[in-house]
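Features of the protein shown, as given by Swiss-Prot:
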{"type": "BINDING", "residues": "Arg21, Glu79, Lys118, Lys442", "note": "(6S)-5-formyl-5,6,7,8-tetrahydrofolate binding site"}
{"type": "DOMAIN", "residues": "214-367", "note": "domain 'TrmE-type G'"}
{"type": "BINDING", "residues": "224-229, 243-249, 268-271", "note": "GTP binding site"}
{"type": "BINDING", "residues": "Asn224, Ser243, Ile245, Thr248", "note": "K(+) binding site"}
{"type": "BINDING", "residues": "Ser228, Thr249", "note": "Mg(2+) binding site"}
Amino acid sequence: MSDTIAAIATAHGVGSISIVRLSGERALEFALRFSRKTKLTPRHATFTKLFNQNNEIIDEAIMIYFKAPYSFTGEDIVEFQTHGGFSVSEVLLEELVSLGARFALAGEFSKRACLNGKMTPLKALNIQDLILSKSALAAKIIARNMQGNLGELLEKIRTDLVKTLAFVETSIDYADDDLPSDLLEKISTMCEENSKILKEIYTLSQSKKGLIEGFKIAIIGKPNVGKSSLLNALLSYERAIVSDIAGTTRDTIEESFKLGTHLLRIIDTAGIRESKDTIEQIGVALSKKSLEDADIILAVFDASRVQDKEDEKIFELLANTDKKIFWILNKSDLENVFKNTRNKNFIKLSAQKDIALLKEELQNYLNSFDSEGIMVSSLDLINACKISSEAIFRAKELLEESSLELFAFELNLAINELARFTKDFQRDEILDEMFGNFCLGK
């Protein structure tokens, strides 16, 4: 990491300020050359003119110097706050590269921060998730993780496993010495507790992923019951074509909108019915796939039409789902001839006039989700927690069977999975645990 890297840190486009970030051993040298300054005081904002190599002014800017190791990357960093827009920051970046800097790769500043011990991979992941968060609630959950709660917990579990592995591998090396029964019991309890904690993290993260990613809602029903009108009403603008002709929507339409603090990703599906039309059949198949992916289902029926076989097909399709279903009787402002033979708790509304009741019911349901507890959004981390939990549980069973070599194998697997997000697992740690408490000179 001896080279110096540079990148524009702000979003591309027109704005009042653009930030160019420079990191590496030559960062201060380049900054002094551009500003014609002789020195920069660390952590002080310096107003200056910036010049190119032909001594032509590029811009008036503010420079901030972060001296290593007290910086984001742990290296010397200089940030240039220039005027925004498309040109100034690009010119500055090109000039930096012409002096000897290198265009930074995606995520390279964070990577250097991890390699220099300024943050764990988990924190870097949380920062990325925070940047990409789509709602205030998601940002709150991710920010809570950034405070170290999750990282500290995973590191504690990893440390417990490393210490346990040290005891067990010592026992394997000295096969004549069995592990004391009380120690075996403690190890078994530790495995059970840590496996349970990791399982709670990944199951909670999967069951409440909508709090972070946005809840996915599928609108389902036979053709021409007002699904597209309902979509438009929820979005508060016309996104889907509304027509009296059945089968107008032949593909799924997905849009996002906010309801209170929650992000909702809503899908208008093709009407489900028997059809010989190939295109419509594909649309129906996509509708059924949307049901599988959805967190919430809006099942729509037409109050102005007598219940028929196509309505029955919708009831049958949803009979065995464990998803939350809101039963909606649309067009309730017209003469109501629909018979509620299934005794469903219908929300009666008119998508073209007023859906306030549906929004209220949706918000009450979403607000019932507890945002407390440790949740993660990274699929990679969720899988790591799952793999580790299962490996630790298998290790516990193998310990009870006195299969210490296989126990050590499973524990190694769990340690390595967790280490990807906390710190690198080095085999020397096992040796440190083995001999760290020995007498001096031994």
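Every residue, even glycine, has its Cβ placed from backbone N, Cα and C.
A gap of 49 Å separates the Cα atoms of Lys227 (GTP binding site) and Arg21 ((6S)-5-formyl-5,6,7,8-tetrahydrofolate binding site). Counting in whole angstrom, Asn224 (GTP binding site) lies 58 from Lys118 ((6S)-5-formyl-5,6,7,8-tetrahydrofolate binding site) by their C-alpha atoms. For the pair Arg21 ((6S)-5-formyl-5,6,7,8-tetrahydrofolate binding site) and Ser228 (Mg(2+) binding site), the C-alpha distance works out to 47 angstrom.
Note on the binding-site residues Arg21, Lys118, Lys227: the fewest other CB atoms within 10 A surround the CB of Lys118. Local packing around the Cβ, expressed as the count of other Cβ atoms within 10 angstroms, is greatest for Ser228 among the binding-site residues Asn224, Ser228. Confidence for the domain 'TrmE-type G' (214-367), expressed as mean pLDDT, is 78. Here Glu79 ((6S)-5-formyl-5,6,7,8-tetrahydrofolate binding site) comes close to Ala9, Ile19, Val20, Arg21, Leu22, Met63, Ile64, Phe66: these same-chain residues lie at least six apart in sequence, with C-beta atoms under 8 angstroms from its C-beta. Reduced to three states, the DSSP call for Lys118 ((6S)-5-formyl-5,6,7,8-tetrahydrofolate binding site) is coil.
Each residue contributes its Cα atom, and for Ser228 (Mg(2+) binding site) and Lys118 ((6S)-5-formyl-5,6,7,8-tetrahydrofolate binding site) these two points are 50 Å apart. The secondary structure of Asn224 (GTP binding site), as reduced to three states from DSSP, is coil rather than helix or strand.
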